[in-house]
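Engineer: One structure coming up, written as structure tokens, with questions to follow.
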């Protein structure tokens, strides 16, 4: 038989064992202030977390043009791991796919800034009165074209399909060098503006003056030929009149001689 002393120790140990067993069976207590970290990111989806505390629930939102795939969920919840006592979000199952109802919408076209390039080109003389691109220093977002003697405006490329656009540019003028400015916007009409040097303009004026003088000389020569030709038919008529006037005078003189002879 056990001694009374051993029995006393056994009775005192029972409450301790019961307390240890109760602590093992009870769940771990959550530490105050425990929060979840930021949730993981999902492709084509966004989330705005309002509360990071345990047991809070949040939802993902698919971006514009996408929608939630069937069988997936946008809901996540902040829970705590009982083994490690660490809070975390539940694994999201959301998948965002492109919305087929928006497939027929075309994307917004991007705006392309026109580019202005300049390259030298040898001037070509012409008999026509040329046109010029009037230069404006420090001018932006405007394009002005004026007609002036000594310059020329010629189209360089055909109009491409689409709308025409005009870009802002600054034009400069060199007195002795012909410059060609080409406007090249994406889907627009491009113009080549050629400036002729003063030497070429002077040659053009000389050629025009020479042509005018030649035409005037031809007109004068034609008038003289017509005048000479018109004067030629009048001479036979005058000879015939003079002959007719001399014949009666001869007849009268002969008749007088006959009368004198008869007497």
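Cβ coordinates come from backbone N, Cα and C, glycine included.
Under the heading compositional bias 'Low complexity', Swiss-Prot lists 113-135, 154-169. Under the heading compositional bias 'Polar residues', Swiss-Prot lists 136-145. Annotated disulfide bond per Swiss-Prot: 36-78, 62-96, in sequence order, evidence recorded as experimental evidence. According to Swiss-Prot, the domain 'Sushi' annotation covers 34-98, on the basis of sequence analysis. Here Swiss-Prot flags 113-178 as region 'Disordered'. Residues or ranges marked as signal peptide in Swiss-Prot: 1-32. Residues or ranges marked as topological domain 'Extracellular' in Swiss-Prot: 33-205. Here Swiss-Prot flags 227-263 as topological domain 'Cytoplasmic', drawing on sequence analysis. Per Swiss-Prot, the feature transmembrane segment maps to 206-226.
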Engineer: In this predicted model, what is the average pLDDT of the topological domain 'Cytoplasmic' (227-263)?
Structural biologist: 62
Engineer: Expressed to the nearest Å, what is the distance separating residue 78 (disulfide bond) and residue 62 (disulfide bond) at their Cα atoms?
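Structural biologist: Distance (Cα to Cα, whole Å): 20 Å.
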Engineer: For a three-state summary based on DSSP, what are the helix, strand and coil counts in the domain 'Sushi' (34-98)?
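Structural biologist: Helix, strand, coil within the domain 'Sushi' (34-98): 0 helix, 26 strand, 39 coil.
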Engineer: Between residue 96 (disulfide bond) and residue 36 (disulfide bond), how far is it from one CA atom to the other, in Å?
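Structural biologist: Here the two Cα atoms lie 24 Å apart.
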Engineer: In sequence order, which same-chain residues at least six apart have a C-beta under 8 angstroms from residue 36 (disulfide bond)?
Structural biologist: 52, 53, 54, 56, 78, 87, 88, 89
Engineer: How many other Cβ atoms are found within 10 Å of the Cβ atom of residue 62 (disulfide bond), counting all protein chains shown?
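Structural biologist: Other Cβ atoms found within 10 Å: 21.
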